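J.: Residues or ranges marked as transmembrane segment by TrEMBL: 29-50. What TrEMBL records for His176, Asp211, Asp274 is Zn(2+) 2 binding site. For Asp178, the entry in TrEMBL reads active site. Annotated Zn(2+) 1 binding site per TrEMBL: Asp211, Glu246, His560, in sequence order. The active site, proton acceptor annotation in TrEMBL covers Glu245. Marked as domain 'Peptidase M20 dimerisation' by TrEMBL: 292-447.
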Amino acid sequence: MVASNEKVDVLTTALVVQSARSKRSKWMALKLVALLATVFAVAFLHTNFLNVKFLSAMSSSHGVAKLCPQSDALYPESHAQLWKSLGREFDEDAFMTRAVAWLGGAVRIPTEAYDNMGPIGEDERWEAFGPLHDYLVQSFPLTHKDLTLIKVNTYGLLYEWKGSDDTLKPLLLAAHQDVVPVEPETVDQWEYPPYSGYYDGKFIWGRGSSDDKCGLIGILASVETLLEKEFKPARTIVLAFGFDEETTGLQGAQHLSDAMLQKYGQDSFALLVDEGSLYSDIGGSIIAIPGIAEKGSVNTKVRVSTSGGHSSVPPAHTSIGILSRLLVEYEANPIEPHLERGTPIYSTIQCVGQYGKNLPAHLRALVKTSVHSDRALRKLEAELIKDPIYNALIGTTQAIDLVQGGVKANVLPEEAWALINHRIATQSSVAAVQQRDTDVLKHLAKEFNLTYTAFGLEVSNEDGPTAGTLILTDAFSTALEPAPVTPVTEGSTPWHLLSGTIKATFNSHRGLDGADNIIVSPGITSGNTDTRYYWNLTRHIVRYNHHDAGNGRVLPNGIHTVNERMPADNFVEMIRFFSTLILNADENRKI
Ligand SMILES: *[C@@H]1O[C@H](CO)[C@@H](O)[C@H](O)[C@H]1NC(C)=O
Ligand SMILES: *[C@@H]1O[C@H](CO)[C@@H](O)[C@H](O)[C@H]1NC(C)=O
């Protein structure tokens, strides 16, 4: 996941762990729900449409509210023999040894992505991906014999495993080849060198082991193993591996998206599974929270220009003074968060309330009551938004992250500007946030006699002589809408295929039976993934690769920090997940 947003995950996880360990008060318990829910999740279902669906889903079974509807575990049927044979292989020590070697070898090839990299062919740092490609060819010989591979924009990898039935929409599996850089000054804090790929009998250590070479190698290992078993798919399987996910995705995923749109067309995939959320122990139950949505983002630049002059004869307000007043206005009027039924975060709270059996009864009752009682919903909201992290994940945030103005001690500043970074709630939009940013300053623009232009439109033009101008713009023209929400209602087969696959994987990896050993809840990933470029390929995008966040690990597997590592057993389980997903998708005729 992208670095800037990943910090939320880390911080949230840390707080979750602290609160779980140290206190059992009502507030902390509530906070626990909130935080756990938000580590992975939130989303948005179109209010009217989905409320109807949601409420009907709740009242469907024997009049008992289904707060968190669950799918059954889904085991391959026509591929049952093959799947069982694969399962036996995954259980063997020899397979673990092989998996460890596959991932360790990939970790040993540093493929760091940096901000501000120059063009491919000019900036030599891109060449790091060449050796990785050689490694993949050598490690997965059958894959490279039987699948077609197109290199997109030099380093993007697009594989196609052609199915026999052209009428079936392909399955798309995504991962990224790049890793975040290792800070040179932190190298001595690593237990094993960051690019060692060292295996200590439990973990594979190194940068990328967990984010996201386990996804890349996990998918390829599944394909290679299925090919060894002579599996021939009916449904085409496409693999898309970007190489700058950790920075912008502009070179990798954006080009891959164009290539796939050209080759397969709009809405051409049955299901897309990319990295993203994890599963973990929440309130005493193992809960997987696949991301069905992502927040949007926009950076608003606020620029004030006034006439300059010598500082010995100053006006009452300089550009910097005016800008300061404007920024105070923003912070005095934060965007109010609202907990809404039908949003993915609400679905997550429902699941945690229903299955977090260690949580206090009164809290679980409040969650339950909020389904039909507006009063309870507001009460729940009031409790939750006291927590800054919850507040952030439920609503649209603002943070004044940059400010600049002035050139010299005795010169009046002609210009001052600041940048406000917003993360947009799933039920909001870029336009709504820009409108709000515009409105909140209107009275001040008038008070300071400024000509006011916002996002290309004139807001006010003073009649008399103006004191200057106020201009709002989309700072880098990189505004991103919240992602379309993946359907999860009862009729949504791709979602149920995924849910059932998660359960079958979890069970078979542990020799368990039943549907509720792991609970599956819709959620939102707090960061963006390469999927931001893939919206037009399918409505059914899920960010999840069966990664275990464990129970109480502060930094799940050191993602984006020192001591990144991957539990070997969980890595084998990921391979089992991708293999089961491929077989389940292959025999399903409803997607
Ligand atoms: C704005 O202009 C009006 C009328 O010219 C003037 O009275 C007022 O002081 C000005 N406001 C500021 C903040 O300069
Ligand atoms: C999807 O397609 C529309 C219409 O062609 C386009 O405007 C939009 O940018 C595309 N979205 C993505 C994420 O590629």
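A Cβ is built for glycine as well, from the same backbone N, Cα and C atoms used for every other residue.
Describe the structural surroundings of these features, if you would.
T.: According to DSSP, Asp211 (Zn(2+) 2 binding site) is assigned to coil rather than to any helix or strand.
DSSP gives Asp178 (active site) a coil state; it is part of no helix or strand.
In the three-state DSSP scheme, His560 (Zn(2+) 1 binding site) falls into the coil class.
DSSP assigns Glu245 (active site, proton acceptor) to coil in the three-state reduction, placing it in neither a helix nor a strand.
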J.: What mean pLDDT does the predicted model reach across the domain 'Peptidase M20 dimerisation' (292-447)?
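T.: Here the mean pLDDT over the domain 'Peptidase M20 dimerisation' (292-447) amounts to 93.
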J.: Can you give me the Cα-Cα distance between Asp211 (Zn(2+) 2 binding site) and Asp178 (active site) in Å, rounded to a whole number?
T.: 9
J.: Using a 10 angstroms cut-off on Cβ to Cβ distances, just flag whichever of His176, His560 is the loneliest among these binding-site residues.
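T.: If we count Cβ atoms within 10 Å for the binding-site residues His176, His560, the smallest count is at His560.
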J.: Measuring Cα to Cα, tell me the gap between Asp274 (Zn(2+) 2 binding site) and Glu246 (Zn(2+) 1 binding site) in whole angstrom.
T.: 14
J.: Which one of the recorded positions (Asp211, Glu245, Glu246) has its C-beta surrounded by the most other C-beta atoms within 10 angstroms?
T.: Glu245
